[in-house]
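Engineer: First the structure, then my questions, so here it is.
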Amino acid sequence: MNVLKFGGTSVGSAERIKNVARLITTGDEPRIVVLSAMAGTTNALVEIADYLYKKNPDGANEVINRLSLKYAEAINDLYATPEYRQRAEESVTAHFDLIRSLIKDMFTSFEERIILARGELMSTEMMHLYLAEQGIASTPLSALDFMRTDKNAEPDAFFIKENLLNLLDQYPDEKLFITEGYICRNAYGEIDNLQRGGSDYTASLIGAAVRASEVQIWTDIDGMHNNDPRIVDGTTPVHRLNFDEAAELAYFGAKILHPTCILPAKQSNIPVRLLNTMQPDAPGTLISNETDRGTIKAVAAKDNITAIWIKSGRMLLATGFMRKVFETFENHRTPVDMVTTSEVGISVTIDNPKHLEEIVDDLKRYGTVTIDRDLVIVCVVGDLSWQHLGLEVRIISALRDIPVRMISYGGSNYNLSLLIPAADKARALRALSRHLFDAPEATAEQ
Ligand code: ADP
Ligand code: ASP
Ligand code: MG
């Protein structure tokens, strides 16, 4: 069994849906196809919910009308026969009617999650109908029947596996299954989701549950590039990554992959392939357990970082200082990304400043606290294990003209992170590409 996930752009128009239909019906291996909502849909649904939280039904109605027009147009272009056009219209209209029925006084996260689920429900129903119109049999699997999170909002792998396998057992002769990415039920049976961009996560959770031969993430670019293609010109695809390298890149800002997506695949040792729907023959990126020794693979950047520096004379020879500092972040449920220490202090970074004020208040018990805002973490990824000579030097010397606030190396074999001002991000990424990838060898001296 293969799992093939198609993102929003890949199903973003009638033309694109037809293209995906061709791709998922090529080849013999049985497959589970995971679809995102059509591009722009989830953003529009978030906007609708936002208007409803703010008790502005007119604002919500305007977005609903705009979105439903987009769907009417797509349906018109997608189906060849009046019969299927009508069936698709009925299905999509039912979803928009449900959204409209939620325009009421009491609007809570319960109603919001019901609205956010509509995008994936509509795209999968539209695909199923399109395939049926083409005379191609496909079996819809409702993600709401098997994809579930537990009381900690973490996927319930046991429930997912048991229920998905039970469902699949009912169709022993079917080869093409279609399901929704992103949506799930929570521990209370309510409609919920795996967070924005979570369809990648759906795909790898399904891959792990069915022990797939491969999880394919189909998107609008030919694999993981060696730098952010939205900022740097001339980036090129990286053909092979190991799971840890891919996880670091995803976590540190390479949007092509959702950060959570790697773990289930890694734990089950299922290769993940990143492929381009617009260029299906391009090799893309294969993510597996294999490591290319001593090679720098790619650069990514994570925005909106705040650094907190706690300086304390008492840190000298003191035990327990670090514990108190980290406990403070834990107490305010704020994860820490980067850490550097010296004898007089410790610097940490966070990307969620929601509880910054309380954190600083508490930290002042242990030392003098200084905050630096508007920073980015630039993360260089590859096999950077310390036995390989010369790689750190190449990275750091590329940034000789950039003020560097923190450097972190040695926390894993695969990452060297630098904290720099947001204003210097583009310049830093371009300099790294020039020094690491345009220059002849990005491999370690042997
Ligand atoms: P999908 O809708 O298919 O999930 P995404 O928009 O989430 O697609 O991810 C694909 C986008 O990720 C690309 O269009 C690209 O602009 C962006 N991206 C950011 N960093 C990278 C990178 N290092 N390699 C490839 N794509 C990247
Ligand atoms: N449609 C959802 C989003 O836009 C999930 C996804 O596309 O992965 O966040
Ligand atoms: Mg995505």
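Numbering starts at 1 and runs along the chain as displayed.
Placement of Cβ uses the backbone N, Cα and C atoms for every residue, glycine included.
This is the feature table in TrEMBL:
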type	residues	note
DOMAIN	2-276	domain 'Aspartate/glutamate/uridylate kinase'
BINDING	K5, F6, G7, G8, T219, D220, R230	ATP binding site
BINDING	T42, E120	substrate binding site
DOMAIN	378-435	domain 'Aspartokinase ACT'
Engineer: Which site among K5, R230 has the most other CB atoms no more than 10 Å from its CB, taking these as binding-site residues?
Structural biologist: K5
Engineer: Fill in the CA-CA distance, F6 (ATP binding site) to T42 (substrate binding site), as an integer in Å.
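Structural biologist: Here the two Cα atoms are 15 Å apart.
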Engineer: Between the Cα atoms of D220 (ATP binding site) and T42 (substrate binding site), what distance do you get, rounded to the nearest Å?
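Structural biologist: Here the two Cα atoms lie 17 Å apart.
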Engineer: Are any of K5, G7, G8, T219 (the binding-site residues) within 10 Å of T42 (substrate binding site) when you go C-alpha to C-alpha, and if so which?
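Structural biologist: Taking K5, G7, G8, T219 one by one, the ones whose Cα falls within 10 Å of T42 (substrate binding site) are G8.
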Engineer: Using a 10 angstroms cut-off on Cβ to Cβ distances, just flag whichever of E120, D220 is the loneliest among these binding-site residues.
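Structural biologist: So among E120, D220, the binding-site residues given, the one with the fewest Cβ atoms within 10 Å is D220.
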Engineer: Looking only at Cβ atoms, how many others are within 10 Å of the one on T42 (substrate binding site)?
Structural biologist: 24
Engineer: For T42 (substrate binding site), what is the secondary structure by DSSP, using just helix, strand and coil?
Structural biologist: helix
Engineer: Which binding-site residues among F6, G8, T42 have CB under 6 Å of ligand 3?
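Structural biologist: If the test is a Cβ under 6 Å from any atom of ligand 3, the answer is none.
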Engineer: Can you give me the Cα-Cα distance between E120 (substrate binding site) and K5 (ATP binding site) in Å, rounded to a whole number?
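Structural biologist: The Cα atom of E120 (substrate binding site) is 12 Å away from the Cα atom of K5 (ATP binding site).
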Engineer: Relative to the Cβ of G8 (ATP binding site), which residues of the same chain, six or more apart in sequence, are found under 8 Å away?
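Structural biologist: Same-chain residues close to G8 (ATP binding site) (Cβ under 8 Å, separated by 6 or more) are S36, A37, M38, A39, G40, T41, T42.
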Engineer: Just how spread out is the ATP site if you go by the largest Cα to Cα distance in Å among K5, F6, G7, G8, T219, D220, R230?
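Structural biologist: The ATP-binding residues span at most 22 Å between Cα atoms.
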Engineer: Among G7, E120, T219, D220, R230, the binding-site residues in the record, which have a C-beta under 6 A from ligand 1?
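Structural biologist: Close enough to ligand 1 are G7, T219, D220, R230.
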Engineer: With Cβ-Cβ distance below 8 Å and at least 6 positions apart along the chain, what are the contacts of T219 (ATP binding site)? List them in sequence order.
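Structural biologist: Looking at Cβ-Cβ distances below 8 Å from T219 (ATP binding site), excluding near sequence neighbours, one finds F6, G7, T9, S10, I256, L274, L275, N276, T277.
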Engineer: Listed binding-site residues: F6, G8, T42, T219, D220, R230. Which have a CB under 6 angstroms from an atom of ligand 2?
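Structural biologist: Passing the 6 Å Cβ check against ligand 2: G8, T42.
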